[in-house]
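Participant: Residues or ranges marked as region 'Disordered' by Swiss-Prot: 97-253. The feature compositional bias 'Basic and acidic residues' is assigned by Swiss-Prot to 97-139, 176-197, 219-229. Swiss-Prot lists 140-175 with the feature compositional bias 'Low complexity'. What Swiss-Prot records for 198-208, 230-244 is compositional bias 'Basic residues'. Marked as domain 'tr-type G' by Swiss-Prot: 337-504. According to Swiss-Prot, the region 'G1' annotation covers 346-353. Annotation source Swiss-Prot lists GTP binding site at 346-353, 392-396, 446-449. Per Swiss-Prot, region 'G2' is recorded for 371-375. What Swiss-Prot lists as region 'G3' is 392-395, and the listing cites similarity to another entry. Per Swiss-Prot, the feature region 'G4' maps to 446-449; the stated evidence is similarity to another entry.
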Amino acid sequence: MTQVTVKELAQVVDTPVERLLQQMREAGLSHTSAEQVVTDNEKQALLAHLKSSHGAKVDEPRKITLQRKTTTKLKVGGSKTISVEVRKKKTFVKRSAEEIEAEQRRELEEQRAAEEAARLKAEQEARERAEEEARRQAEAAKAQTAETAAPAAAESASSAEPAQVVAAVEAAAPAPERKKEEPRRVEKPRSDDDERRDRKHAQHRPSLKTKAPLARTVRSGEDEADGFRRGGRGGKSKLKKRNQHGFQSPTGPVVREVSIGETITVAELAQQMSVKAAEVIKFMFKMGSPVTINQVLDQETAQLVAEELGHKVKLVSDNALEEQLAELLKFEGESVARAPVVTVMGHVDHGKTSLLDYIRRAKVAVGEAGGITQHIGAYHVETERGMVTFLDTPGHAAFTAMRARGAKATDIVILVVAADDGVMPQTQEAVQHAKAAGVPIVVAVNKIDKPEANPDNIKNGLAALDVIPEEWGGDTPFIPVSAKVGTGVDELLEAVLLQAEILELKATPSAPGRGVVVESRLDKGRGPVATVLVQDGTLRQGDMVLCGVNFGRVRAMLDENGKPVKEAGPAIPVEILGLDGTPEAGDDLTVVADEKKAREVALFRQGKFREVKLARAHAGKLENIFETMGQDEKKTLNIVLKADVRGSLEALQGSLNGLGNDEVQVRVVGGGVGGITESDANLALASNAVLFGFNVRADAGARKIVEAEGLDMRYYNVIYDIIEDVKKALTGMLGSDVRENILGIAEVRDVFRSPKFGAIAGCMVTEGMVHRNRPIRVLRDDVVIFEGELESLRRFKDDVAEVRAGMECGIGVKSYNDVKVGDKIEVFEKVEVARSL
């Protein structure tokens, strides 16, 4: 065979020479140069090494299977034949040296066992011969004794008890032969066919395990008759036994204890009561609640169903995780005095932000859109008498929930009332929020520098709301102030700090941070940003925080001026970055130990929120069926709403959903915090909605879709404008009302006949003006008897378009000839009038 070098072999197998030399060295070959010759044996060694290194088996096959198939034909009857095919399969296994050695050992052991068996057999035969000889000798001696015995002895022997005879016979009887021990057979190597055949037979073979003895039952004749015999070829007849259960049915209803959480599905409730789900569904249908097997029930409904079905109910709280979290958050430490949190509330345009600007020496109100506050703002101010934290709330009617959150998170409420305006609706609402939160009120009577200011009117109005001034014997201080010139501001701060001293506000700075989310928004460059007011403990950068259904690690903290801070103590407002979403305003913020616990609680709250929402959605469906029966006929204005902060979004959704009447309604199909994105534009396109952006703008992708599809997208920065535009749109959807204006009345004085028009009424116009081709009514005794159209109007045989009051004319009524003297003809017109909400 032609000799091959390493280089040529590398070209054949398409691999680099260096790699081939490396593999040959790993295989134990001595090749180091590309020009060296490779023999066939070296190739085989290299191939075996490569196969073994890649997990392939290089051994020869150890098993060979031979199959044989023979076909024969059998004649049945005249010309009919049957083909018989016989298949045989044999498998030969090549045994290894270890198996051969084991077989030799088995043969040697078998030979030794055979020799031992032969020896034992010889000993057994000798023992049997000796026993037989002894038995013959005993029988001979017994016969001789019987011949010489007297007749009396025979009688006494006949009267012996049978038991003694049996005992004597048993004693004289030889021992039973012991079963010959056979040498144990040594199993030979088994082929695959034998093992497969044994497995097949083992499936039909009864189990050889020892079973516990069954309790015996006395079978009656009927039982014997009920059984039947089943015989088969080569098998014994077997008598079947009737199946009998081993339990008794309960004689009375079983009362079970049913554990019900805040929500439970119909299937879970049925399982706990040990009844079928169909019975629960049927029972709820009778109660008037059509449900399905997977429907979620609230706790009250499930309790009612379980009690009506006769079971005991155990109400279970699903807040195990929350309670565990509360236990972990308990902290004992030294409490110190903290700064008060003061919320400024009042009616819109009464000067809340201007008052805060004077205190902070800032100019926030100048830069606000529309001159009104639309966000809740948090600031802390260092005064000569100590630090005070202020929350500035919007005064517009739409921000009710925002003001309620401000009252919840505060210690003291400053109620700002304009001296020239008096007590307004939002002033009353602020008083209600403060009383509901149980916080003291300090009234700031603003705009005292105006000539039309009337402080006494303010006192009378607030006294009607149970806010009694100190001068009248109450406990509410009234401080006249002017945010413009600064009159009374120092007295106001002094009154606030005096209230704070009375409250004895304490906090534990060494504890983990705990607070409340004041506001949240989605920043394009920084992600979710939440404004947090720390109420207790210290919040530090790097802490893992939990806010409602959101969690995250605090990546950065900023104060109200946008400067980064490392930590925030009690009563300090900060903005935090790092949450996984924008939390709801008003959510509690807590610092937890690790991310695992935060994620677990957040997911639990998300699932709980979803379950409660589904249960509430289903609860009132049947009750409101008549109210919602005509909902399909309503015209709906769909809106996709995006706002800059969570509080504004909530306020806008509440205000817009409150607009409408029985014919038109507003539906916010999508809402969120942040800019208008491409997905928002697609949602508006799919739902035929209008895109509203409140203090946000659309990105390039969204603008492209809006331009291509011709969507209506509008930007706003004042809440008044968006509400007014939606009202106008709803007014346009209402359509128009048709009103009738009476133009004139003519009294019939005479009736003439005309071959062309039939009856012609000679009339005197008594009121207004009569026009031709206008709808008319014929009144007789002030009762309408005909309604039609004025076809002909003449004066002195001339066709005229109109006839004024005090003039005579002839009137021809189309398709009506029953005109009589004394009738009145009323001419009117129909006018469409725009409707309003």
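Here, residue 1 is simply the first one shown, and the rest follow in order.
Any Cβ shown, glycine's included, is placed from N, Cα and C.
Burial and contacts for the listed features, if you can.
Facilitator: Just so you know, the Cβ of LYS352 (GTP binding site) picks up 29 other Cβ atoms within 10 Å once every protein chain is counted.
Averaged over the region 'G3' (392-395), the predicted model reaches a pLDDT of 62.
Among residues of the same chain six or more beyond the region 'G4' (446-449), those with a C-beta under 8 A of the stretch's C-beta atoms are 350-351, 354-355, 416-421, 455, 480-485, 487-488.
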Participant: Tell me the coarse DSSP state (helix, strand, coil) of LYS352 (GTP binding site).
Facilitator: helix
Participant: Including all protein chains shown, what's the count of other C-beta atoms within 10 A of the C-beta of GLY346 (GTP binding site)?
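Facilitator: Step by step: centre on the Cβ of GLY346 (GTP binding site), count other Cβ atoms within 10 Å, giving 27.
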Participant: Report the DSSP secondary-structure composition of the compositional bias 'Basic and acidic residues' (97-139) as helix, strand and coil residue counts.
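Facilitator: Helix, strand and coil residues of the compositional bias 'Basic and acidic residues' (97-139) number 43 helix, 0 strand, 0 coil.
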Participant: Indicate whether GLY346 (GTP binding site) is helix, strand or coil by DSSP.
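Facilitator: Going by the DSSP assignment, GLY346 (GTP binding site) falls within a strand, counted as strand.
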Participant: Check each residue in the chain of ILE448 (GTP binding site) that is at least six apart in sequence and keep those whose C-beta is under 8 Å from its C-beta; list them in sequence order.
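Facilitator: Set apart from ILE448 (GTP binding site) by at least 6 residues yet with Cβ under 8 Å, we have ALA419, PRO455, PRO480, VAL481, SER482, THR487, GLY488.
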Participant: What is the total of other Cβ atoms whose distance to the Cβ of ASP349 (GTP binding site) is within 10 Å?
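Facilitator: Around the Cβ of ASP349 (GTP binding site), 16 other Cβ atoms lie within 10 Å.
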